[in-house]
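Heads up, the thing below is written out as structure tokens.
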């Protein structure tokens, strides 16, 4: 009997070995399945909770309250409740009925890449947004969703997306480099004709994409932005914005919201020009985005990126349209709201530096008005601005004065004239001939005897031009001083008045000099000992008292 059960000692050893191998194989297979198990993010979901964008409320135990508080501190919204709202909840159609009558030509003509950059995003909230994109977007349009995990990725989330959502391309940053850098990384991988940037806590609504694409198909230098509604941080209720608004900014770069101009209001629901992107959700032609250089690589973490891209788009030949027939709901997180706060009120030093970069590159001489309201930012150090300035010159972008006067006249009427200094206006007289004045005759600058009227008055303009009527003093490539018709573009040879030496300086360190022999003007290397380079500007004392005599010294072209 014993031999039948175990056989020889050799047979017994073989039996034990086979048993161990099978056991180990089963154990490894089981543990591997455990480690790669797909988390069911619908485990806690309650059917119809939050359906149609309605408020969601649940009774909570003490344990639930503690858990909810911890998650709220981490994610800045009610993540506990989000776990109980279905990932594929439906929302109402919030569009104007007129939108339903519009036929769009975008389907089957372009492809779209959605770019989402996240930092420690709550998985359920992110997935709900991704599912809304997939269910509310035509498969003919949606080429891919590029999801960039900016440091500390959630492995369960990554695994779920990998197995359940093959349309999503996931990129993992080894360390957090900020949302701006993550967005640039995602855009670099995207291959669709049009890029649509979203954030990780939003939901799109029915018919949201074609209205954003249509204006871009008509003009690929158009950037479009939907009407951004709010999703409650506490109840996840979808709250429709009652009336479209115009986003603007003041001299502190704080957001202000203005009513639409009458023409835009009467044309609703047609798209209308917007002076600035809110920046959380927008669409842009991929080639045009990279033609503009994307975002300034010197912008770190977050903040200032929406303003930078807005000014870049407008000043470099594009336009921004708000699209009422496209609606997207956003959860407004506290840190994102802080990132868009005026830099003088912003607690983040990096955000302050970001805004300073934008100001120094794009606001031209008007940056001095910004510094009057934000003096502590004047002396902040920032990385080299050579690249964004070179890009601006290469693209032949327009001046901020053009933006102020042409893009946002309504905004100008509200605030862009507020706080502006009156620039010096007066006669310009050479020290060597104090009874003579600088003037223009026959299109040429001349020195002639002064009149008692204002006929010889000159203005040192906000664009650092010496202006007389509609003519400006300019310098040609041979350093000859001439008079040309003033333009709204930035001068290649800006002028400033050196109060200490009473000289007008342009074209580097060259000074306006009277040629006594020819009774004309030349441009020579500045020399404080040369009396012919000294000029009396009759209103310069008032200018000095306003602490802005160096206005053109600090302008960087």
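Glycine is treated like the rest: Cβ placed from N, Cα and C.
Note that the structure is a prediction, hence the values are computed from the model and not measured.
Feature annotation (Swiss-Prot): of 5-27, 28-50, the stretch labelled transmembrane segment is 5-27.
Annotation note: residue 103 (N-linked glycosylation site) sits in a coil segment as assigned by DSSP. Per Cα geometry, 220 is the residue among the recorded positions 103, 220, 379, 526 nearest to residue 397 (disulfide bond). Put simply, residue 379 (N-linked glycosylation site) is 28 Å from residue 316 (disulfide bond) when counted between their Cα atoms. Shown for the region 'Catalytic subdomain B' (271-333): DSSP residue counts in helix, strand and coil, namely 17 helix, 18 strand, 28 coil. Annotation for residue 437 (disulfide bond): spatial neighbours 427, 428, 429, 447, 448, 449, 450, 451, 456, criterion Cβ-Cβ under 8 Å with sequence separation of six or more. Each of the disulfide-bonded residues 325, 526 was scored by how many other Cβ atoms lie within 10 Å of its Cβ, and the smallest score goes to 526. A distance of 44 Å separates the Cα atom of residue 379 (N-linked glycosylation site) from that of residue 325 (disulfide bond).
In this structure, the disulfide-bonded residues under consideration are 99, 316, 397, 450, 472, and the one with the smallest number of other Cβ atoms within 10 Å of its Cβ is 450.
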